[in-house]
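This report refers to the structure that appears directly beneath it.
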Amino acid sequence: MVHVKETSGGLQWRLRASNGSSSELLVPESGPIRRTWLGLLGLVVGLTSKVGKFFKKAWDVGVQDPKKVIHCFKVGMALTIVSLFYYMRPLYEGVGGNAMWAVMTVVVVFEYTVGATLSKCLNRATATIVAGSLAMGVHWIASQSGDRFEPVILGASVFLLASVATFSRFIPTIKARFDYGAMIFILTFSLVSVSGYRVEKLLQLAHQRVSTIAVGTSMCMLISMLVCPIWAGEELHLLITRNMEKLANSLDGCVAEYFGEMNNDDIDSDKVDKEDKTQKSLLGYKCVLNSKGTEDVFANLARWEPAHGRFNFSHPWKQYLKIGAAMRNCACCIEALNGCINSEVQAPEFIKKRLSNVCIMLSSFCSTVFKELAITTTTMTRSFEVEFSVGEMKDGVQELQNTLKSLPTLLTIPPSPSPSPSPSPLPEAPKEEKKEPIATPTVVPLMEVVPLVTVASLLIDIVARIEGVVEAVNELADMADFKSEDEKPKQPSSDYRDQQTMNALQQV
């Protein structure tokens, strides 16, 4: 039953059940003005929230990488200085209205790293000069051929040179280093050739544009190299060393996670943060797998950079690509090792426990080699600790192989001993002897042991691939002439392996 009651705010509707037990008050709908106001208020609140989140993300980006903030100020500085050619009358009269080409040049060629900026500046300057000179020559030849053949010669030259320059961009060598220059060559030649047909003072126009582009490129190169320079070579150097540390942490984390499942009963609240950090370290190998494109870009840009810091002009940047390829081979094995953690089939705990110490010790030796290689690459110094760590790693492989040889004897669970009969105080009458059934050992199914054997074989394969990384780093040391340590090589102590084993076991 519905009851209607008139109030000061409008009509009030009340719904009552037929038995009169309960009633429900129906709130009248708000008017269009109120709905519009609420909609605008929600829109403003949502927009304010999104703006706040955007500024928070921007702040986090600046805090995590201050070099990006520095690059923004450098671009602003270059644009401000170049804009003076347009604001100040003496400079404006010198370059004319083409001063805006200098501003456009700064916006286009100023990149994050010094190598990228130098690459674009040199490509743009060279392509502009070559294309402008060639266009001027073609224009002179066309002007001497008469008004009838001039547009034909200009059109044919644009078609031919643009086609050839475009095809050159498909060549891998040119695409890697001179792709931007080829594009600027096409643009400049086409503009000069087409505009030269109608513009009388073509030489003066070309001179002004070349001078403004020279001003813009020179300003970008100077500011990029002199004001807080960000070198592509150093970025590549740091990327390789960080990837080595990530591989070391991922390998330790994967092995500890796999063999640490036996101790999952004792989990307290203090271990939650440690588990989150372990999960992050487990995914470090993915960064190594996805870093090929970044390494190629940095190595290509580093060739344009002059000598700086510890890096000479002829520094072997290509060798870093070989080191990165060798590390990606290791990362592939670690990815397969990580897949064994979530396998549905798990080996029995008594066999898993038998191999856990050896596998954890081997993973500790492998991570030690990665960390020593990272130190060697960072300091550019030959370290004798790498040789000792590699020797310990090979010894760990030998111990793991010996343990695997004894694995067939572990595939049987020994029978439980039968209870001995309790002694009787009184003699009993002799009874017929009954033969007790012989207890047969239980055989572990082979499918339950396959994941454990897979983990062990992957560790052995990782050791072989780590040796490839060591060889690549040694080649880099020879090419870049790494310095030797002044102190004599330290002999490993007798309890070195025991200490490494204890450190590895503490991680589980």
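Any Cβ shown, glycine's included, is placed from N, Cα and C.
No curator has checked TrEMBL annotations; they are predicted automatically.
Per TrEMBL, the feature compositional bias 'Pro residues' maps to 414-428.
The compositional bias 'Basic and acidic residues' feature in TrEMBL is assigned to 483-498.
According to TrEMBL, the feature compositional bias 'Polar residues' maps to 499-508.
If you look up TrEMBL, you'll see 409-436 (among others) marked as region 'Disordered'.
Sequence annotations record features per position, and here TrEMBL assigns region 'Disordered' to 483-508 (among others).
Residues or ranges marked as transmembrane segment in TrEMBL: 69-87 (among others). Through the fold, the transmembrane segment (69-87) approaches residues 62, 94-95, 99-100, 102-103, 105-107, 110, 112, 212, 215-216, 219-220, 223-224, 227-228, 230 of its own chain, all at least 6 residues removed from its boundaries and within a Cβ separation under 8 Å.
Annotated transmembrane segment per TrEMBL: 99-118 (among others), in sequence order. Long-range Cβ contacts of the transmembrane segment (99-118) within its own chain (Cβ-Cβ under 8 Å, at least 6 residues beyond either end) map to 67-68, 71, 74-75, 78-79, 82-83, 85-86, 91-92, 124, 209, 212-213, 215-217, 219-221, 223-225, 229-233, 235, 298, 300-305.
Annotated transmembrane segment per TrEMBL: 125-142 (among others), in sequence order.
A Cβ distance under 8 Å defines the sequence-distant neighbours of the transmembrane segment (148-168), meaning residues of its chain 6+ beyond its ends; these are 134, 138-139, 141-142, 174, 178, 182, 185-186, 189-190, 193-194, 196-197. Residues or ranges marked as transmembrane segment by TrEMBL: 148-168 (among others).
Packing against the transmembrane segment (180-199) from elsewhere in the chain are residues 119-120, 122-124, 126-128, 130-132, 134-136, 138-139, 150-151, 154, 157-158, 161-162, 165-166, 168-169, 174, 205-206: each is 6 or more residues past its ends and has a CB under 8 Å from a CB in it. Marked as transmembrane segment by TrEMBL: 180-199 (among others).
The transmembrane segment annotation in TrEMBL covers 211-232 (among others).
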Residues of the same chain, at least six outside the transmembrane segment (211-232), with any C-beta under 8 angstroms of its C-beta? 67, 70-71, 74, 77-78, 81-82, 85, 95, 98-106, 109-118, 121-122, 124-125, 128, 297-298, 301-302, 305-306, 308-309, 311
Which residues of the chain, 6 or more past the ends of the transmembrane segment (125-142), have a CB below 8 A from one of its CBs? 149-151, 153-154, 157, 161, 180-189, 192-193, 196, 202-203, 206, 209-210, 213-214, 217
